[in-house]
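Okay, structure first, notes after.
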Amino acid sequence: MFNKVTKSFQYGQHTVVLETGEIARQASGAVLVSVDDTVVLATVVAAKKAKPGQTFFPLTVDYIEKTYAAGRIPGGFFKREGKPSEKETLTSRLIDRPLRPLFPEGFYNEVQVVLHTVSVNPEIDPDIPAMIGASAALAISGIPFNGPIGAARVGYVDGQYVLNPTATQLKSSQMDLVVAGTENAVLMVESEAKQLSEDVMLGGVVYGHEQMQAAINAIHDLVRDAGKPDWEWQPEPKNEALIAAVTAAAQEKLVAAYQERQKQARTALLRNVYADVHAALAEQAAAAGQDAPDAVTVDNILFDLEARIVRGQILNGEPRIDGRDTRTVRPIEIRLGVLPRAHGSALFTRGETQALVVATLGTKQDEQIIDALMGEYRDRFMLHYNMPPFATGETGRIGVPKRREIGHGRLAKRALVSLLPAHEDFQYTIRLVSEITESNGSSSMASVCGGSLAMMDAGVPLQDHVAGVAMGLILDDGKFAVLTDILGDEDHLGDMDFKVAGTQNGITALQMDIKIQGITKEIMQVALAQAREGRLHILGKMREALEGSRGELSAFAPRMLTIKINPEKIRDVIGKGGATIRALTEETGTQIDISDDGTIVIASVDEAQAKEAQRRIVELTADVEVGQVYDGSVLRLLDFGAIVQVLPGRDGLLHISEIANYRIANINDVLKVGQQVRVKVIEADDKGRLRLSVKAIGGIEQQQAGGAEPAAQPESQAE
């Protein structure tokens with residue numbers, strides 16, 4: 001019934017198994033990938049024909065995590081998986097990026113790649129198995145695809161590269177790098193690092209590409225034994241006559257339009273050129289008694305012509321679109337403290353790209369709780385990236401963040417996270433929001449720069465400034481040019497887009513997308529060196545604006561006090577049913593977080609209120625010492641004495657014989673409920689019961705006369 005084909009290969013310390021022919025047989029291609037109990041089902045389906053009028057390649061990649069994979073039932077009312085998590089969205093993008101450039105130009109059939117994580121070992125992230133599975137499913141499907149690709153994760157531990165490190169190994173790794181590519185070329189890199197050099201980062205890319213050949217070879221073996229026949233697909237033949245007509249009508253006008261250095265003016269000129277060409281071609285067709293050429297086809301020819309013009313100018317050493325040479329960073333303007341009530345803010349402008357980045361400090365209660373497949377965890381650092389349509393002078397939908405926004409936010413977060421102070425040194429939760437108010441390329445790197453400045457403006461003690469720069473590459477006939485700080489148009493027209501972020505000491509994040517083959521290690525080396533030059537220039541500008549973190553937090557940020565108590569006293573602070581802690585937070589207006597080890601963090605915008613809460617907690621948890629004198633309050637009267645509270649929650653017996661130096665006939669003659677009285681603890685039994693005395697410090701008559709031994713003060717253990 002089943003024609004099952006299995007291939008396996010060793011991949012670092014893991015064995016990878018590829019299976020096809022048993023599950024999802026009606027898909028164009030389906031492969032089950034297993035790596036040490038992490039199992040991903042990769043499926044591919046492609047439409048046999050493109051939709052009429054289709055003008056772009058409709059590829060969809062969906063990575064889906066099933067909670068049963070971890071032996072769990074989904075939370076929530078419906079107990080069913082819902083909208084994609086951030087992890088699922090980011091992994092979908094990770095898989096999409098190296099696959100998309102490998103489909104042939106002109107192939108507009110709809111293709112859907114779906115990856116289901118159906119079993120998970122917490123030590124093995126499913127993203128690499130999913131990438132390998134997607135590649136294998138496409139390779140055996142017969143769909144036009146210039147693959148397969150391989151993928152690898154690379155760590156860097158004790159000066160050595162580690163292939164596909166486990167989750168435990170990654171905790172001690174200085175690098176978390178994912179690389180994907182074909183046999184001959186790297187196509188995609190995504191990484192974060194702890195201030196590593198360009199050589200170490202590039203070495204990780206090369207190492208990962210070398211090691212992934214094992215995966216590529218296994219996929220070739222799978223195709224040989226289980227591959228379907230290749231589709232009989234040919235691209236539409238080019239209309240050379242139309243290309244010549246468009247070129248003749250538009251070449252000079254496009255060259256002239258690209259002499260305009262200002263984006264909006266240039267865009268207006270280009271729109272006019274497009275309109276003029278369409279009108280001229282329609283007029284020619286009408287004169288010949290023919291229909292006007294397809295508008296989309298003409299637009300595609302014009303775009304290709306634009307690309308040839310811009311790329312040719314740059315490779316010939318002419319100025320770039322905005323007049324710069326290949327190494328110059330656009331003018332930078334920085335303004336700090338832009339928003340008066342925000343905890344920290346920075347307006348970072350680089351040419352026609354601008355980010356308003358805002359830092360907000362919160363408490364442990366503000367941490368993001370993430371219900372991940374691997375288990376629940378908390379995140380104290382969040383970075384949210386928003387790019388509204390007005391940033392590019394357009395109208396559009398505003399609502400749920402799109403995949404691009406989530407991806408850009410994660411890249412900026414990767415760049416900054418390793419520079420954050422240790423949690424024990426700075427216990428605040430940090431949220432950064434990057435509002436892109438103008439965009440003409442490199443907005444994610446503007447978010448990195450603005451994020452570093454906003455946190456320092458908020459008083460977050462970052463280890464160092466972090467800057468990012470987006471680079472581009474144009475390669476043609478053996479000639480190449482690396483472009484520093486690319487514009488949006490240069491991103492679309494170039495062959496490689498890579499973003500590098502880091503400090504003066506090294507790289508903290510690297511993202512690379514390569515659209516063509518033939519980019520060598522040497523070219524990447526030149527590109528990384530030029531990126532370092534640009535990054536150091538930007539860091540210099542940032543230091544001119546703000547040398548380091550401000551010494552004090554914003555007046556509107558919560559103040560935190562930390563005290564340490566005996567863990568056995570936690571119940572005294574919480575009280576029965578949480579009554580004590582609830583009353584304490586409500587009466588002082590503070591937030592109080594209690595850890596199991598007895599660490600208590602008190603947060604309040606009003607420092608005086610925080611100190612009041614601290615004082616009351618110290619009182620609640622103070623130990624009563626025999627021989628110490630305390631200011632007490634009479635709780636109730638007995639025939640033979642009184643019950644006196646010496647500290648919150650601690651009271652003792654004041655016997656009638658220990659009140660005065662004379663005989664008392666009636667307790668009501670000397671004490672009343674609520675009366676303040678100074679007492680000395682003269683005994684505590686093994687059950688914690690206290691015996692008190694007033695007589696031992698002079699008697700009630702002395703206190704009434706105004707003289708008594710001073711009371712003990714509970715010791716604060718504030719850190």
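Backbone N, Cα and C define each Cβ position, glycine as well.
Per Swiss-Prot, the features are as follows:
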{"type": "BINDING", "residues": "ASP491, ASP497", "note": "Mg(2+) binding site"}
{"type": "DOMAIN", "residues": "558-617", "note": "domain 'KH'"}
{"type": "DOMAIN", "residues": "627-695", "note": "domain 'S1 motif'"}
Assigned element (helix, strand, coil) containing ASP497 (Mg(2+) binding site), judged by DSSP:
strand
Which of the three DSSP-derived classes (helix, strand, coil) applies to ASP491 (Mg(2+) binding site)?
helix
Note down the number of other Cβ atoms within 10 Å of the Cβ of ASP497 (Mg(2+) binding site), including every protein chain shown.
21
Taking helix as H, G and I and strand as E and B in DSSP, count the residues of the domain 'S1 motif' (627-695) in helix, strand and coil.
7 helix, 36 strand, 26 coil
Counting by DSSP, what is the helix, strand and coil composition of the domain 'KH' (558-617)?
32 helix, 16 strand, 12 coil
